[in-house]
Amino acid sequence: MPFGNTHNNFKLNFSADEEFPDLTLHNNHMAKVLTKEMYAKLRDKQTPTGFTLDDVIQTGVDNPGHPFIMTVGCVAGDEESYDVFKDLFDPVISDRHGGYKATDKHKTDLNFENLKGGDDLDPNYVLSSRVRTGRSIKGYALPPHNSRGERRAVEKLSVEALNSLDGEFKGKYYPLKSMTDAEQEQLITDHFLFDKPVSPLLLAAGMARDWPDARGIWHNENKTFLVWVNEEDHLRVISMQQGGNMKEVFRRFCVGLQRIEEIFKKHNHGFMWNEHLGFVLTCPSNLGTGLRGGVHVKLPKLSTHAKFEEILTRLRLQKRGTGGVDTASVGGVFDISNADRIGSSEVEQVQCVVDGVKLMIEMEKKLEKGESIDSMIPAQK
Amino acid sequence: MDSCFHSFQFIISGECDPVPLEEEKVTPPCGKVKQKEVLATPWHCNKERHTYFCSAALKKVKALPLYLIATILQKIRPTSAGLKYLAVCDSESSRLAAAASEGRVIGRLLCWEKGRYPQHSPASSSNPSVYPSVCPFFKTSFIWRDLVCFYRVKMASSFARILSSKRKVGILSLVGAGSLTVGFFLNREQHVNAGAHVRRIYPPSAEYPDLRKHNNCMASHLSPAVYAKLCNKTTPNGYTLDEAIQTGVDNPGHPFIKTVGMVAGDEESYEVFADLFNPVIKERHNGYDPCNMKHPTDLDSSKIRGGQFDEKYVLSSRVRTGRSIRGLSLPPACTRAERREVEKVVVDALAGLKGDLAGKYYSLTQMTEQEQQQLIDDHFLFDKPVSPLLTCAGMARDWPDARGIWHNNEKTFLVWINEEDHTRVISMEKGGNMRRVFERFCKGLQEVERLIQEKGWEFMWNERLGYILTCPSNLGTGLRAGVHVTLPRLSKDARFPKILDNLRLQKRGTGGVDTAAVGNTFDISNLDRLGQSEVQLVQTVIDGVNYLIECEKKLERGQDIKIPAPISQFK
């Protein structure tokens, strides 16, 4: 809860034993890492904005998880959370991000020219291409913890920054609480509109408070560059278009991001970033690049192949249904995107997608002709 | 500057009449007072708050509901927790507390306890200034009590409650007024700034919620001025206004159904945020004004007249209410440890019930598959709340930790633990014997109260608001007494809503609130909660349902019915 540690001080009247949550039936990264000793050590700490350990773990306590899907189970309330509660976050980050150590450094590379290829994905298979990431604005608390005043300040600053963009990025902001019915219909048709979160993972972390105050959607006139304000992160930046020209999508992504960052820096509120964690976002699963670059691609034969999952793992890719996370595929069309977030740069991750999808399309073509693809199965990247 | 004693909270509270002090101060009848005798009030607290000192010339304090008279023996030094609990204890308890390092004596109170002659010898070697003095004429005794500062609310509660159950204790109480006054000080308002570290970068105007599309009681009464006044305050436990109103901000409401839109995180919320709670309570409870009205509590079921309904129409009868355990925060704000404490206290008490009330507890975390199925079949099991009204207020946190269901072997008396309130108590049975249902209800409640008092606990209750519960809509009696009744003809009559209105009844579907009626069976219950006693409300339901059944019978016979005159609301 926002504003301070007063309630936490009151909790300190009870022993760590009495307050320790019951995690016996839990299956998420936080529950695997949090011991009584760690809880006792961290419970009287707070970040400068007053975020406490119980605030960090509440979503993981309330959502025990699924036997098959490991959720993260903890969130950050501000930039300093990752530091003040590093005893908890470091092992969680390591578990979630394939062994990323507390001493590792993350490389940021938003130079789109470093991407090789990506403009030649077969449009018969690739229906659309998309790259998204998140950004947090330095000096403000994150969505689990921010107050209405802070959230509004983030919105104001973001809208000012976005409205100053021009050229291919010239666009308009649609605040959720005052959009007209017509605008709303249009945004739904374009698949741009986001709704109040219903996932208990987000609700339990307090991210839907005061909805829809200070939330909104900005997009450019071409509808190829889109920014969500105050949804799960301060900003979610999305570049997308129909077809398979991932190179162009990534170019626009990088250019747009850099333009926005310049403007924020001028207002003395750059993005939250550090050498170890890269771009700092609310959920530890999005640290590093926070980037998910992917395509909607038709792979009806390959997706039913016995080795599909293994191929994806080796290519460092993941699949989702066309509705996004936790949805099923429709008509053999899959959302294929990078699996990694931290430890590799933006360029490297999009390169993985470009190369991997290209290979999978070749495999699909082979399978169409009735040929085997065993020789094409790649080594682990 | 050193941090200091930010706030404290008395565990005991009680009724109090304003007392003119200077004329009627009583000097201790024997022994010497080592320090200056003082009167302490919030207004006289030292700025640095290192000492809580007093002004001897306390004026008449008509507006102040509670006051404290204490002799301060030593400075109160801060602890890292910043919060303390003061309690009035007998010498034995304070000695135990000091020995266990749970608290220390910071002062003495001269108390006047009516109706008892102390049996024990006055002085003990460690505490020579405790001596009772007997005043035979008034059948009272003067006794010095210790004012002990505890570090943990639990210990303070355990020790202090020994005294609170005696409602006839006065602290330097008035000689002349003849009434019994209990003068305890509950530190509220001016000194509730346990939230000294509240992070406020934005002014209240930047933080004020956008309530233009809202239709709930909170939104109707939270003006920017009220928000600005209250937004920096916290209760002693650290509960804030923003937390209290969050559920109302997140749930704008429905054009036809006006929800309350705010909750209390602890007992003190109703005091600290009174500027908002009072008008909300007044609106929700049809004009009951907490500022100048008193709520009557009456659980004497023998006063009920009638209460056996015609079972051709009434299928089942039920009475429910809630109770909160004083000293522990309410579900929106409670910590895991507090919630577990509530479970422990209540389950211990329920284990002491005997006879037709004897039963068993089923913890949500530990019940077997079989037990779960049985509870579902009996329609006893409650689920994790899904209503955003509850989840936005934080009541589903840590589910299902420390939640459970208790019921008696006969399945007619049921207690829910840590759902929307600390406890929800339900008495029910098939058929129309509302009288017996209410008798069991009262007996069960009184037994449970006695059992928790034995252990030094009590229910949250005060004269203004009755029983304190999480949602302001349940203040007062928190009682909903109702029946499932079939009224095939009456329910189709256009006058049905008006008849219900005048009888001060409400209808719901058989699934409870926000459900539709099935067939012609309705859930009919009392509309009011606050301002009338339990007996009065149940009588209203009995008389009302009898009238409805009479109407139904008349319509069966082809006769006409009459809309009854509206019954008065505050009796």
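Backbone N, Cα and C atoms are what each Cβ position is placed from, and that goes for glycine too.
For A:128-132, A:His191, A:Arg236, A:292-296, A:320-325, the entry in TrEMBL reads ATP binding site. Within the same chain, residues at least six positions away from A:Ser128 (ATP binding site) with a Cβ under 8 Å of its Cβ are A:Met240, A:Gln241, A:Gln242, A:Gly243, A:Val295, A:His296.
Annotation source TrEMBL lists domain 'Phosphagen kinase N-terminal' at A:11-98. Across the domain 'Phosphagen kinase N-terminal' (A:11-98), DSSP assigns 42 helix, 4 strand, 42 coil.
The feature domain 'Phosphagen kinase C-terminal' is assigned by TrEMBL to A:125-367.
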* Asked: Can you tell which of A:Val131, A:Arg320 has the most other C-beta atoms within 10 Å, given these are the binding-site residues?
  -> A:Val131
* Could you check what DSSP calls A:Arg236 (ATP binding site) once collapsed to helix, strand or coil? => strand
* **Which same-chain residues, if any, lie at least 6 apart from A:Arg236 (ATP binding site) yet have Cβ under 8 Å of it** => A:Arg132, A:Thr133, A:Gly134, A:Val227, A:Trp228
